[in-house]
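Report on the following structure.
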Amino acid sequence: MALRTLFRPRTRLGLGLGVRNVQTFTLPDLPYDYGALEPAISGEIMKLHHQKHHQAYVTNYNNALEQLEGAMNKGDAPTVVKLQSAIKFNGGGHINHSIFWKNLTPVNEGGGEPPKGDLAVAIDNQFGSMEALVQKINAEGAALQGSGWVWLALDKAQKVLLVETTANQDPLVTKGASLVPLFGIDVWEHAYYLQYKNVKPDYLKNVWKVINWKYASEAYESSK
């Protein structure tokens with residue numbers, strides 16, 4: 001099953017003078033079955049994560065955008081301002097999870113196979129080795145307090161790789177407009193708790209078995 005476009009917007013036309021087009025967003029399909037990442041990530045977690053959590057972000061994002069449209073048409077500045085946090089949180093949740101699904105792939109389709117080519121060279125040059133990068137990302141992810149994400153990013157302006165964390169559902173772009181996510185690891189409890197309980201480091205250790213380095217390499221090459 002092919003992964004659909006990240007944002008698949010639908011346009012809904014409003015009625016009345018001054019009404020703008022309202023775009024709505026839909027849940028992207030996964031490019032693999034829910035159980036395909038086992039034993040690293042259970043099928044139960046994947047189904048719940050995708051159908052419930054990601055779907056909730058999409059639904060709430062659409063609702064917030066619709067409310068924003070109405071507030072803007074009415075010139076209701078306080079409501080426009082009030083809605084910004086919901087748009088950031090739920091829109092970020094949609095963006096981050098849409099990337100996350102593509103950052104994972106089953107072992108029999110190359111999951112966990114180390115990167116090759118220019119990305120592999122860049123990792124060695126900047127972090128010393130693949131093992132050192134994994135240790136850094138795992139340490140950053142384990143140390144992140146509360147909910148959030150840990151990312152391997154390309155800074156297009158500086159032409160360097162970075163390990164970054166973002167809180168809650170903040171997308172990586174909130175850390176810098178020139179940052180491109182090569183892959184991100186969800187370290188919210190809903191991403192691992194049913195399987196790993198409170199042992200987040202075990203989840204971080206095992207998720208590498210299904211990381212899609214081919215996708216990361218393609219993102220790196222297209223963004224250099």
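Just so it is clear, glycine is given a Cβ too, placed from its N, Cα and C backbone atoms.
Residues annotated as domain 'Manganese/iron superoxide dismutase N-terminal' in TrEMBL: 24-104. Per-residue pLDDT, averaged across the domain 'Manganese/iron superoxide dismutase N-terminal' (24-104), gives 97.
Per TrEMBL, the feature Mn(2+) binding site maps to HIS49, HIS97, ASP186, HIS190.
The annotation domain 'Manganese/iron superoxide dismutase C-terminal' is assigned in TrEMBL to 115-218. DSSP states for the domain 'Manganese/iron superoxide dismutase C-terminal' (115-218), grouped as helix (H, G, I), strand (E, B) and coil, give 53 helix, 25 strand, 26 coil.
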Given the binding-site residues HIS49, HIS97, HIS190, which one has the fewest other C-beta atoms within 10 angstroms of its C-beta? HIS190
For the recorded Mn(2+) site formed by HIS49, HIS97, ASP186, HIS190, name the remaining residues of the chain with Cβ within 8 Å of the site's Cβ center, in chain order. HIS50, HIS53, HIS54, PHE100, TRP188, ALA191
Mind checking how the domain 'Manganese/iron superoxide dismutase N-terminal' (24-104) divides into helix, strand and coil residues in DSSP? 62 helix, 2 strand, 17 coil
Surrounding CB atoms that lie within 10 Å of the CB of ASP186 (Mn(2+) binding site), all protein chains: 25
